[in-house]
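Now, the feature entries from Swiss-Prot:
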- 1-228: region 'Pyrophosphorylase' (REGION)
- 11-14, LYS25, GLN75, 80-81, 102-104, GLY138, GLU153, ASN168, ASN226, ARG332, LYS350, TYR365, ASN376: UDP-N-acetyl-alpha-D-glucosamine binding site (BINDING)
- ASP104, ASN226: Mg(2+) binding site (BINDING)
- 229-249: region 'Linker' (REGION)
- 250-456: region 'N-acetyltransferase' (REGION)
- ALA379, ASN385, TYR386, SER404, ALA422, ARG439: acetyl-CoA binding site (BINDING)
Amino acid sequence: MPQNTLNIVILAAGKGTRMYSKMPKVLHRIGGKPMLGRVIDTAAALNPQNICVVIGHGKDQVLNAVKRDVVWVEQTEQLGTGHAVKTALPHLSAEGRTLVLYGDVPLIDVKTLKTLLEAAGNEVGLLTDVPADPTGLGRIIRDGNGSVTAIVEEKDADAAQKAVKEINTGILVLPNAKLENWLNSLSSNNAQGEYYLTDLIAKAVADGIKVHPVQVHTSYLAAGVNNKLQLAELERIFQTEQAQELLKAGVTLSDPARFDLRGRLKHGQDVVIDVNCIFEGEVEIGDNVEIGANCVIKNAKIGANSKIAPFSHLEDCEVGENNRIGPYARLRPQAKLAADVHIGNFVEIKNAAIGKGTKANHLTYIGDAEVGSKTNFGAGTIIANYDGVHKHKTVIGNEVRIGSNCVLVAPVTLGNKVTTGAGSAITRNVEDGKLALARARQTVIEGWVRPEKDKQ
């Protein structure tokens, strides 16, 4: 097997006590995706022979949440990072090298890892950092020539070693030919009673194998998450990076600090996004689209020249060109709007196709429906699509005028150019061009006297 064969081991067995959560630490999200999922994505981009994920605490939750084509290995006892990598040994190739990553270091990037792998060659690679505050972290110990000789955990460090600013990020490249022997020789004779993976550095030096340190160019790339404060800090860093990329690509963000992307955003030119908008999943926005403040848009496609007014929610839907949506509109899954459609305040659409130029400007529910072009819904129109057991379809033709406060009881079909009187409950099909009225005739009672309250 060639020496450049790459195995990747991701350590994800920890409990994460300081998260104060029933959820395993690696499932907490950055940018809408579990941290472990992000690390697996990065690992996969390196095209390794295999990816082995070591899990332990909450393993069933992890397996259910992160369904990926990797090798899952259970660490039944959490006895340290060295022990965790040892559990993965049966799944590693005899030759080549192994890159060790961490499920709670979500922002590590491909570029940094490629640099580390290139520097390590077939020897040992070590990713280091010089943070502003190294408290609690393992220190990099060098000899008089500047060569790395060991890593000392803070709990085991003396005063001189604690004064060292350069720290171990935990990310290592190790030669597989030596890995098993090194792991088998680890001792737990230390302050934490654990098998430290970091002790392999001293073993490599003792075997005459050079350790190649690479300092990460930005500290947050190798930052781990141990509590909700650190999670929030990395979330903001991640969102700031995404906002900056969009700004560089020509998107106008009214306030980059008040923008969240939890997926991917494909955009055209001259897109304007106001404050506090959240984008989730796969979102595509055409040219000259404006998104108002406080919108939530998930898995949606928005055509060119459309405007989404504030406080609108769009999910799993398609908006055609030159639409006007909102404010306070809700487009639910399988809503598909053609061009020039107007959907106004407090209008909800679900599993419905809306034809070109149709308008529903106020207080309307359209569900399980097919609507033609240039139709108008009066305020308060409701499509009653559910009979308590089954959903039923409503078909509405072109140039239909539906009066205010109408109920269309599905299944029902309204032909082209139908008009319904305000307040009607339409339960039967209406042919083209007809006027449908379905309400009680108004009665005025002459001589009626409104009763008065008894005087005390």
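Glycine residues also receive a Cβ, built from the backbone N, Cα and C atoms like all the rest.
Swiss-Prot feature annotations superimposed on the structure.
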residue: GLY14; record: UDP-N-acetyl-alpha-D-glucosamine binding site; Cβ contacts under 8 Å, 6 or more apart: LYS25, VAL26, GLY56, HIS57, GLN78, ASP104
residue: GLY80; record: UDP-N-acetyl-alpha-D-glucosamine binding site; Cβ contacts under 8 Å, 6 or more apart: SER188, GLN192, GLU194, TYR195, TYR196, LEU197
residue: GLY103; record: UDP-N-acetyl-alpha-D-glucosamine binding site; Cβ contacts under 8 Å, 6 or more apart: ILE10, LEU11, ALA12, LYS25, VAL26, MET35, LEU36, VAL39, VAL53
residue: GLU153; record: UDP-N-acetyl-alpha-D-glucosamine binding site; Cβ contacts under 8 Å, 6 or more apart: GLY138, ASN190, ALA191, GLN192, TYR196, THR198
residue: ASN376; record: UDP-N-acetyl-alpha-D-glucosamine binding site; Cβ contacts under 8 Å, 6 or more apart: THR358, LYS359, ALA360, VAL400, ARG401, ILE402
residue: ALA379; record: acetyl-CoA binding site; Cβ contacts under 8 Å, 6 or more apart: ASN361, HIS362, LEU363, THR364, SER404, ASN405
residue: ASN385; record: acetyl-CoA binding site; Cβ contacts under 8 Å, 6 or more apart: GLY367, ASP368, ALA369, LYS391, HIS392, LYS393, THR394, ALA410
residue: ALA422; record: acetyl-CoA binding site; Cβ contacts under 8 Å, 6 or more apart: GLY378, GLY403, SER404, ASN405, CYS406
residue: ARG439; record: acetyl-CoA binding site; Cβ contacts under 8 Å, 6 or more apart: GLY421, GLY423, SER424, ALA425
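Long-range Cβ contacts of ASN226 (Mg(2+) binding site) within its own chain (separation 6+, distance under 8 Å): GLY16, ARG18, MET19, LYS25, ASP104.
Annotated pair TYR386 (acetyl-CoA binding site) and ARG332 (UDP-N-acetyl-alpha-D-glucosamine binding site), C-alpha to C-alpha distance, rounded: 16 Å. Long-range contacts of the region 'Linker' (229-249) within the same chain, counting only residues at least 6 positions beyond its ends with a Cβ under 8 Å from a Cβ of the stretch, are 19, 28, 30-31, 106-107, 220, 223, 256-257, 259-261, 265, 267. Summary for the binding-site residues LEU11, ARG332, TYR386: the Cβ-based neighbour count within 10 Å is maximal at LEU11. In terms of DSSP helix, strand and coil, the region 'Linker' (229-249) has 20 helix, 0 strand, 1 coil. Per-residue pLDDT, averaged across the region 'Linker' (229-249), gives 98.
Compared over the binding-site residues ASP104, SER404, the count of CB atoms lying within 10 A of a residue's CB peaks at ASP104. Under the three-state DSSP scheme, LEU11 (UDP-N-acetyl-alpha-D-glucosamine binding site) falls in the strand class.
The acetyl-CoA site in the record is lined by ALA379, ASN385, TYR386, SER404, ALA422, ARG439, and its two most distant CA atoms lie 22 Å apart.
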